[in-house]
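Right, one structure below, let's go through it.
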Amino acid sequence: MAPKDTLFRSADMSLTQLYIANEIGREVVSALGELGIMDFRDLNSETSAFQRTFTQEIRRLDNVERQLRYFHTQMDKASIPMRSIYEFHNVNTAPSASEIDELSDRSQQLENRVASLNESYETLKKREVELTEWRWVLREAGGFFDRARGQTEDIRQSVDEDDDAPLLRDVEQNGNAEQQERSFSGMNIGFVAGVIPRDRIAAFERILWRTLRGNLYMNQSEIPEAIIQPETNEEVNKNVFVIFAHGKEIIGKIRKISESLGADLYSVDENSELRRDQIHEVNSRLSDLNSVLRNTKQTLDAELTGIGRNLAIWMTIIKKEKAVYQTLNKFSYDQARKTLIAEAWCPTNSLGLVKSTLQDVNDRAGLSVPTIVNQIKTSKTPPTYNKTNKFTLAFQTIIDAYGTAKYTEVNPGLPTIVTFPFLFAVMFGDFGHGCIMTLAALAMIYWEKPLLRSKQDELFSMAFYGRYIMLMMGTYSIYTGLIYCDAFSKELPIFPSMWKWEFPDDFQEGDSVTAVRNGDSVYPFGMDWMWHDTENDLLFSNSYKMKLSILMGWCHMTFSLCWSLVNARHFKTPIDIWGNFVPGMIFFQSIFGYLVFAIVYKWSVDWYHLDPPRDPPGLLNMLIYMFLSPGTIEEQLYPGQGPVQVILLLMAVCCVPVLLFLKPFYLRYEHNKARAQGYHGLGERTRVSALDDDDEDHTLNGNGNRDSYGGDEDGVAMITQDIDEGEEEEFEFSEVMIHQVIHTIEFCLNCVSHTASYLRLWALSLAHQQLSIVLWKMTLGIAFSMSGATGIFATVCLFYLWFVLTVFVLCVMEGTSAMLHSLRLHWVEAMSKHFMGDGIPFEPFSFAVLLEEEPVE
Amino acid sequence: MANGWSIIIGLAVIIAFSLLSWFLAPKGENQTVWRSTLILSAWACYIMWAITFLAQWHPLIAPTRTDLRRDMYEHRKLV
């Protein structure tokens, strides 16, 4: 039995082989998809997507999916709401194959129906627009005619005056006799009436003018209301125009130009009686059309509402079904025995669950042939699977964003649950800000369900994803705020101070007063609140926070370095302990462990009450002179300091060659020993799995293995167990050596640079504190210095300003920056000490994951 | 109120707390998470507290202020 799956390392994985009867392949995969713990391997990677077994089914489902999307867009267009997926109760029951067929037929029918309804609706709509336009033309053009009728004389005269106006010349020539004739046709003038989009009118005029050389008379007017185009559902402003011109050819030209510019032409009668009839007719037709339109619309809406009631569940079903067939395509199909053969990675502890699920499916189908589950031994690296819950998920994501842990190496995600928010809190330490953050996180956790279902913008969804991280960050910030004794930059006098003010007798206002110790006691919890608002507050907290960050960094790095010991023990590579961990640890501790010791020692000595009292030594100089002139001590910290420092330095120096040479030479020795005993690492190819063809010597072994699964159970025995780790590589001493040299240089330099890097804790916590002090002074501090009505008014106003700035600048902005710094401390400073991170992520076939990635809205 | 022994007492408390959390952590698949989180939190908090305590144990400088008024201070003392 495999050990219990914990977050500490990846769960034990086994490569399993499933022999599934062809008839129930779909049901089996669907049941496994609901379980979501099988990572299926692609056994047909050499065949293209079109050659696979279930391509037909996928195509069909693609079509259904397209139809469902079509319904969705139609519903959007008609703004009919879709019933949310969360309102269904039986989302997880797998549909049977016949149900899928039914669904696909149904959606085909519905598509036809909706499409035909839509088509007729659109035709009707187009007709309606045409009629409306025609009505406008009749109305507006009628106006022109009525006006023009009274002015035929003027037109003629105005034409006469113009010398080269050719338009009415022949009218003039032979029309004199019939001056009484007042109709346009009598003047041999034709006209074209129609409607054109308003933005084209200028071009239209220009083109007409140029082509006809001015031989026209154009009249136009704007339609006051916009006309809705049925094709695009957009509103377009249009103009009615009437163009009068002379001669059939010119009229024909005008028609062509108008049509090419997208104008719609309508016939208008010259006679006002006929026009009135036309308007009447158009009106009655419009009202008929409207009632038909309304009916069609209602039918369509009813149809879509009916679809909308089930659309979400249909989409989910089809999505799942498609995923099932895509997974089935990864299986290999045995023609002779009508079985599907699948290979999948699965947590060893879940094998029982898998087996019982398969048994259930079998029983339900009433099949006598059982589904066989085999565990196969393999030299392939299993994928890394850290099982998370909703609390640990976000923390694990932090680690996985950097890299996937090697299979069964220590998962840094587990300690990150504490160290990440704690280091954040060291930088963000403020009781008040911590409370705000905790409350925000608690609110998000309390309204988790409704928030999960609603759509959020990117920033909020990020915060929501990390709500448990925020909760931890907020809680620790409250704690560090108490330690720093800061609540919105104000002090928290919980315990009696260890200081008291003692005024000299000749005290004048404005003199500086220095506090004296109040007895021998030390302030019991956190910083003494008396430091607030003092002259030398910064001096004290500066030194305190700098040392704090060095100490915290040292703790964190030592802690992380120890995981490399755990890893070496787990992977049974003692050389990593003696060649990497031990010398590395000695190197680190003899320099920085010693610095930490010196800091703590200096704090624990009461320098002013020594006998004789002396000035405390500077630690920075001590460390520098420890390297520059080993053995000589200028300011003594403790007796015997010189020899101790020399020994420590020698130890550190001695560790470097050990770090550098031990591992590569040991590996070479091992390799040569194995060679001498006649072992060969090269020719021994190992089958990775019975169905795996990607080995180079596939012509040699491939066929045999292809047959093997068709044979008896012994087929599994064909798979030899690989003794060496993974795919064997030739031992190359130079490569190992170079690798180790790089590692050594990196490690030694990183000891220095990473310790320095933890000083960001110091910088950020100081910056945060100072910023909140400034914010208080600039807003509420000013308000509190006023009195009377202005004071009240200012307090109210400035309180809001202060609060908004506190939330947005101090909590959101500063919080983000502190979080990024904490992230870096984990990724770089801590994880470089032990994390190998060459694992393969475990990507199980799971409907839950699938629906999460492509949600049905 | 508090002296150098506080560090030792605090340490004892934290060790006791760690042992308790190890054995009393809720059983089940999240036991490891409970144990690690409780123990690590306790130690992180202890280290933070201890560092702050040590820094003030034998302070090298004392707070100074120039904006004090005698009457404020005397008044406070009376109360």
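From the backbone N, Cα and C atoms, a Cβ is placed for every residue, glycine too.
Keep in mind that TrEMBL annotations are predicted by a computer and have not been checked by a curator.
Taken straight from TrEMBL:
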type: COILED; residues: A:100-127; note: coiled coil
type: TRANSMEM; residues: A:422-447; note: transmembrane segment
type: TRANSMEM; residues: A:468-489; note: transmembrane segment
type: TRANSMEM; residues: A:548-566; note: transmembrane segment
type: TRANSMEM; residues: A:578-601; note: transmembrane segment
type: TRANSMEM; residues: A:646-666; note: transmembrane segment
type: REGION; residues: A:693-712; note: region 'Disordered'
type: TRANSMEM; residues: A:800-823; note: transmembrane segment
Mean per-residue pLDDT computed across the coiled coil (A:100-127): 87
Maximum Cβ pairs under 8 Å to the transmembrane segment (A:578-601) - stretch from the list A:422-447, A:468-489, A:548-566, A:646-666, A:800-823: A:646-666
For the transmembrane segment (A:548-566), sequence-distant contacts whose Cβ falls under 8 Å of one of its Cβ atoms, 6 or more beyond its ends: 410, 412, 415, 419, 423, 426, 576-577, 580-581, 584-585, 588-589, 592-593, 595-596, 599-600, 754-755, 757-762, 765, 825, 829-831, 833-834
Residues of the parent chain within Cβ reach of the transmembrane segment (A:468-489), under 8 Å, 6 or more residues beyond its termini: 390-391, 393-395, 398, 417-418, 420-422, 424-426, 428-442, 444-445, 525-529, 531-532, 541, 765, 769, 772-773, 775-776, 806, 815, 819
